[in-house]
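Undergrad: The following block contains the structure, expressed as structure tokens.
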Amino acid sequence: MNNLDEIKIESKTCLNDQEQEVKIDNMHMSDQDKNKIEIKNKSGLGEKWPEPIVRVQSLAESNLTSLPDRYIKPPSQRPQTTIIDHQPEVADINIPIIDLDSLFSGNEDDKKRISEACREWGFFQVINHGVKPELMDAARETWKSFFNLPVEAKEVYSNSPRTYEGYGSRLGVEKGAILDWNDYYYLHFLPLALKDFNKWPSLPSNIREMNDEYGKELVKLGGRLMTILSSNLGLRAEQLQEAFGGEDVGACLRVNYYPKCPQPELALGLSPHSDPGGMTILLPDDQVVGLQVRHGDTWITVNPLRHAFIVNIGDQIQILSNSKYKSVEHRVIVNSEKERVSLAFFYNPKSDIPIQPMQQLVTSTMPPLYPPMTFDQYRLFIRTQGPRGKSHVESHISPR
């Protein structure tokens with residue numbers, strides 16, 4: 001049996017597991033679990049996408065000279081008409097850079113800098129973060145190798161809108177939607193009940209072992225960052241983590257592959273959005289820029305430092321902080337010369353606990369801005385509609 005045959009067998013097992021998950025015995029479910037299923041059923045998420053999936057990488061490798069209509073953004077959303085970071089006063093601006101060694105040594109300037117970054121930018125880069133550079137390089141290169149496998153080796157891991165887990169090419173289930181120019185792979189690390197090696201690729205041969213080590217290191221880094229964010233809000237160091245569910249947090253990875261694009265001025269690799277989760281730790285492609293962060297009315301192209309992570313605040317931390325920390329809109333541009341690979345690690349709250357502004361951050365002059373909502377309920381928005389700027393978190397602001 002060759003490696004491809006092994007993958008096909010594993011894939012069938014995965015599909016059977018997914019089918020079995022749907023056949024839930026209501027008699028053995030708690031009210032909380034029944035509520036989860038009801039939420040999912042109301043969303044309309046099923047096992048199939050609304051249209052046949054076309055792999056963006058396959059389109060790019062077919063020597064297209066023009067972009068298919070499904071990927072052409074409306075004029076007002078095209079990067080050519082909205083990018084203004086080439087202006088001299090903007091070109092040298094970058095997101096703040098935080099030295100974690102210095103920060104954890106008690107440097108007050110760094111504490112102030114990361115607090116300002118969370119409040120004003122929603123983004124920062126971290127250096128001296130404790131993750132080995134060799135592991136970062138191996139993670140990026142191994143996933144590049146995965147996307148360079150024959151298409152049939154990847155298709156056995158095709159995902160569905162129900163969980164998004166696996167190999168995918170679209171976000172949202174709206175029929176006829178204008179799509180982004182990317183493929184991706186999505187998988188779970190935490191909770192352990194969702195961590196299933198059979199749903200991880202088996203090729204290249206080292207990918208599962210490498211990915212597991214990478215995930216464990218990023219969970220540690222996420223926990224360390226949470227203590228700093230919590231302290232800078234005037235809370236106990238552990239308090240933000242406790243609001244996430246303590247040790248029962250969620251952690252998942254989306255590996256983004258952005259192929260060369262024949263008309264990059266008409267498309268986006270990822271549409272503007274803020275991340276629905278708690279915190280994102282991004283390993284960017286440090287050879288090819290692509291991430292842009294909205295700062296006021298300006299799109300700033302992030303210049304990634306080698307062996308640095310890009311960290312951004314998600315909607316859940318904005319909610320918990322009662323909007324003291326900001327989840328900021330960002331997008332990805334593509335180019336015609338080079339493909340890009342980035343690894344977005346999502347550090348999220350436990351999916352079934354209510355997330356709401358921390359009581360210590362609510363005052364008579366700053367009442368709670370958001371009603372309680374579980375992360376399971378919240379993230380259905382992006383799973384059904386795809387990236388939509390800041391519209392989701394803003395739609396949940398409580399009326400005064």
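Along the chain as shown, residues are numbered 1 onward.
Yeah, the Cβs are placed from backbone N, Cα and C, and that goes for glycine too.
Below are the features listed in Swiss-Prot for this protein:
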DOMAIN    248-349  domain 'Fe2OG dioxygenase'
BINDING   Arg254, Arg379, Arg383  jasmonate binding site
BINDING   Asn256, Tyr258, Arg340, Ser342  2-oxoglutarate binding site
BINDING   His273, Asp275, His330  Fe cation binding site
Undergrad: To the nearest whole angstrom, state the Cα distance for the pair His273 (Fe cation binding site) and Arg379 (jasmonate binding site).
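TA: For His273 (Fe cation binding site) versus Arg379 (jasmonate binding site), the Cα atoms are 13 Å apart.
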Undergrad: Which ones in the same chain are close to Arg379 (jasmonate binding site), with CB under 8 Å and 6+ residues apart in sequence?
TA: Pro276, Gly277
Undergrad: Which one is it, among the binding-site residues Arg254, Asp275, His330, that lies nearest to Arg340 (2-oxoglutarate binding site) by Cα separation?
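TA: Of all the candidates listed, Arg254 is nearest in space.
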Undergrad: Using CB atoms and a 10 A radius, I'd like the single residue among the binding-site residues Arg254, His273, His330 with the highest neighbour count.
TA: His330
Undergrad: Say you check the Cα of Ser342 (2-oxoglutarate binding site) against those of the binding-site residues Arg254, Asp275, His330; which is nearest?
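TA: Among Arg254, Asp275, His330, Arg254.
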Undergrad: Compile a sequence-ordered list of residues in the same chain as Tyr258 (2-oxoglutarate binding site), six or more apart from it, whose Cβ lies below 8 A from its Cβ; state 'none' when nothing qualifies.
TA: Trp181, Asn182, Gly269, Gly290, Val332, Val334, Glu339, Arg340, Val341, Ser342
Undergrad: Run through the Cβ atoms and count how many others sit within 10 Å of the one on Ser342 (2-oxoglutarate binding site).
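TA: Counting Cβ neighbours of Ser342 (2-oxoglutarate binding site) within 10 Å gives 26.
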